[in-house]
Every structure is written in structure tokens, then in C-alpha cells.
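Novice: I am attaching a structure below and will ask some questions about it afterwards.
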Amino acid sequence: MKSRGLILSLWLALCVLATILPSSVLAQAAAPVPAAPVEAPADADAPPRIGVVTMQPGTVFFERFGHDALVVLDPRSGQAISYNFGYFDPSEQDFISRFVRGEMMYYLVALPLQQDLSYYDETGRGASVQWLDLRPDQARALAAGLAERAKPENARYHYDYYTANCATMVRDTLDAALGGGLHAQLSGRSRGNTYRSESVRLASPAPWMWLGFDLGLGPFADQPLSRWQEAFVPMRLADALRQVNNSDGRPLVQAEQELLAHRIAPEPKDSARRWWPWLLVGLAAAAGVLALRRRPRLLAGLALPLWLLCTVAGGLLVFLRGFSAHQAAWANRNLLLLSPLCVLLLPGAIVLLRRRTPGSLFRVVLWLVAAQALAGLVLHWLTLQPQYNVQWIVLLLPLHVALAWALGRAPHPAATPR
């Protein structure tokens with residue numbers, strides 16, 4: 001989002017965090033370009049006009065979730081100031097390590113709206129503003145609060161890609177101005193969306209990205225979200241604002257105005273996720289493994305990439321749970337399917353490739369890996385804290401069991417007489 005070896009681990013971490021990188025860092029140096037005119041009220045004594053600008057998703061991984069900002073239109077000067085919560089400082093001490101650990105600090109930055117929109121105009125991303133119907137005292141207090149918070153000494157905040165991002169900061173600022181009225185109207189309503197479903201949906205144009213989200217997210221990401229919680233997505237927040245009233249009972253959104261036309265692929269739509277195609281692939285792969293059970297050398301060569309993937313991905317999941325603040329990745333039961341124990345299978349695979357017979361540890365670990373995958377299935381049905389990973393279970397469980405059956409039953413030479 002503008003702001004949702006070591007090299008491989010960092011890469012998969014980026015898969016989980018890809019949508020939180022703010023493109024505002026790239027946009028700061030762009031020259032201002034004309035946008036749709038924003039007219040100031042004729043009365044110079046009128047309160048500031050408050051709006052929410054929503055920027056549509058882009059095509060680069062850090063643009064997939066869209067972005068938003070608050071706009072304050074000064075009635076005296078006619079200048080529109082964008083208050084943007086999506087900035088960070090890459091020169092900050094320990095920036096990379098804090099990013100990997102999930103301890104990022106972001107900033108609120110005030111800048112002219114035209115300048116803020118320049119990057120979106122260059123990349124073909126649409127932008128629109130929702131002008132809000134606030135009482136004069138609310139508008140003045142909100143504008144003053146934003147100006148104060150944008151000061152360098154107040155601008156920093158701890159970023160979380162689901163609970164404290166650019167959209168939730170806009171949401172919370174508006175809710176404070178409305179005396180809690182926004183939360184009261186949205187917290188009791190739900191469409192059944194989850195952090196996982198929204199992340200996978202928005203990342204769907206980039207397969208590596210949505211697969212990274214789906215593997216990296218734990219049970220936290222599968223709780224049904226209220227309309228309030230799902231407003232971590234800027235477009236969901238914009239839709240929610242259309243459904244609520246202001247403090248006087250009138251619709252909160254007074255008017256909407258397109259600032260930039262959207263010239264690239266639109267936001268991905270909701271779609272049902274089916275697990276049965278994953279089951280078919282898993283069963284087909286397991287059947288292939290069993291068909292090659294008399295050719296262990298070939299089978300070991302084919303299984304080696306899988307075991308290497310499990311080693312790296314499982315190691316990353318252990319890191320995310322034990323050494324990071326990424327709450328959404330904690331208690332991830334995909335660890336049972338991508339077991340780091342697979343690192344113990346790599347020497348055995350190399351032994352088989354050399355037409356030799358691996359030791360008993362190889363066979364024991366094969367069955368342990370299969371048992372862990374089976375435990376993942378049991379936990380999926382019995383747990384009180386559900387995790388939507390059935391598609392990964394039906395894909396990987398048959399494969400792990402088939403490999404254990406084919407290679408782990410008894411010692412055998414790597415080459416079979418023909």
C-alpha cells in the first residue's frame with residue numbers, strides 16, 4: 001500500500017508485507033501536474049472543507065492496496081492540503097531490520113494536493129474525493145488537529161499493515177471528529193470479509209504476492225471483519241463513508257468528485273475461493289509419486305525442490321512467529337505443512353541422487369513430516385481458532401504421505417535393476 005538463505009527469507013517476508021510499502025517515497029520528487037479543479041467556498045469566513053481522497057490500486061506490488069489521504073480546503077486561500085499518513089524515512093537507523101521485524105515507523109506529511117496527486121497521474125491511477133458534511137466546529141477542530149499532528153515532533157506513528165495503516169489512520173481521525181459516531185455505525189456490521197480474503201483479492205493480479213500472503217498469514221487473518229475493521233482497505237473505507245450519517249443524521253458524504261481518471265486495470269472483484277482444484281492437483285501429484293516409487297533416484301530429484309521450499313518457507317514462518325511483531329503471521333498452522341524438518345531430508349535426497357541408500361534418519365523424518373501434515377488436517381477441523389488453509393492441506397498432505405510411503409518404508413538402493 002502507498003502507504004497488505006537470508007535473501008530467500010527476506011523475499012518471502014516481502015510477499016507478506018508487500019502491500020505496505022508506500023509509493024509516496026517515489027512520489028515526493030515528482031513535479032506537480034494539473035488535476036481536476038477544487039473550488040473553495042466563496043465565504044472567506046466559512047469553516048474549512050474536509051474531504052477524503054481515495055487513490056485506486058496500481059500495478060506495482062506496493063500499489064496493490066490503493067491509498068488515501070485527508071484533504072483540508074482553506075476557504076480563504078483556496079489551497080487544498082493533503083494530509084498523507086503513508087510516508088516513511090528509509091534513512092532511519094536500523095530501517096531494514098525494523099521493516100523485517102514489523103516495527104516500522106511512519107509519518108503524517110502535509111503537502112499540496114496537486115503535488116500529492118502527481119504520482120498517480122503519471123502511473124494512470126484514478127483518484128476521487130468525497131467531501132464530508134461536518135459541522136463547522138468539527139471541521140475546524142479536525143483541520144487544526146491535522147496541522148498539529150503533521151508537525152515533525154508529532155508526525156511519527158507505529159505502522160501495522162492491518163490495524164494502523166494509511167486508511168485506518170484516516171478512519172480514526174474522522175471518527176474522533178465525529179465523537180465516535182463512525183465506529184458506532186460501522187462496528188456492528190459485517191460482510192464476512194477477512195484480512196486474508198481482502199489481501200488475497202487485492203494481490204490476485206500478482207500470483208507470487210497472493211501466494212505469499214496466503215502462506216504467511218495465520219489465524220488472526222481469518223476473523224470475520226466488521227465494516228469498521230475492513231476499512232483498512234482505502235476503497236472499503238470510501239464505500240463505508242457512503243453508508244453512514246453525520247452527527248446531525250444527514251449522509252456524511254455531501255458530494256463526490258473525480259480528480260483523476262483511472263486508466264489501468266480496475267480493483268479486483270470479490271470471488272469465491274474453491275479448494276477442490278487444489279485437491280485434484282495434490283492427488284495427481286501423489287499418484288505420480290507412487291508411480292515412481294521403484295525409481296527412488298528420480299523421485300528424490302523431483303522431491304528435492306519441495307523439501308528445499310519447505311525448509312526455507314518453514315524457517316521464515318518460525319522467524320515471523322518467534323522474532324517479529326507481525327501478529328497476523330503468528331500461530332500459522334501452515335508450519336505443519338511446510339516443516340523446517342525437511343532440512344534433514346536434503347542430505348538423504350543427495351545420497352539417493354548418488355545412487356546410494358540413505359540412513360534410517362531419512363525414513364524417520366519422512367514419516368514425521370507426513371504426520372505433521374496430517375496433524376494440520378486434524379487441527380483444521382477441531383480448532384476453536386480457525387485458519388483458512390484447507391487448500392494448502394489438500395495440496396500438500398497427499399504429497400507428503402505419498403513421499404513417505406514411497407521412500408520411507410524400508411531401505412532400498414537408488415537404482416533398480418531393469
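Every residue, even glycine, has its Cβ placed from backbone N, Cα and C.
TrEMBL does not curate its annotations; it predicts them automatically.
According to TrEMBL, the domain 'Lnb N-terminal periplasmic' annotation covers 53-182. Annotation comment: TrEMBL describes 278-402 as domain 'Lnb-like transmembrane'. Marked as signal peptide by TrEMBL: 1-27. As annotated by TrEMBL, transmembrane segment applies to 275-292, 299-323, 335-353, 365-384, 390-408.
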Novice: For the transmembrane segment (365-384), which stretch among 275-292, 299-323, 335-353, 390-408 has the most Cβ pairs under 8 A?
Specialist: 390-408
Novice: Quick check on the domain 'Lnb-like transmembrane' (278-402): DSSP residue counts for helix, strand, coil, in that order please.
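Specialist: Taking each residue of the domain 'Lnb-like transmembrane' (278-402) in turn, the totals are 99 helix, 0 strand, 26 coil.
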Novice: Take the domain 'Lnb N-terminal periplasmic' (53-182) and average the pLDDT across it for me.
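Specialist: Averaging the confidence scores along the domain 'Lnb N-terminal periplasmic' (53-182) gives 96.
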Novice: Could you tell me how many residues in the domain 'Lnb N-terminal periplasmic' (53-182) are helical, how many are strand and how many are coil under DSSP?
Specialist: 49 helix, 37 strand, 44 coil
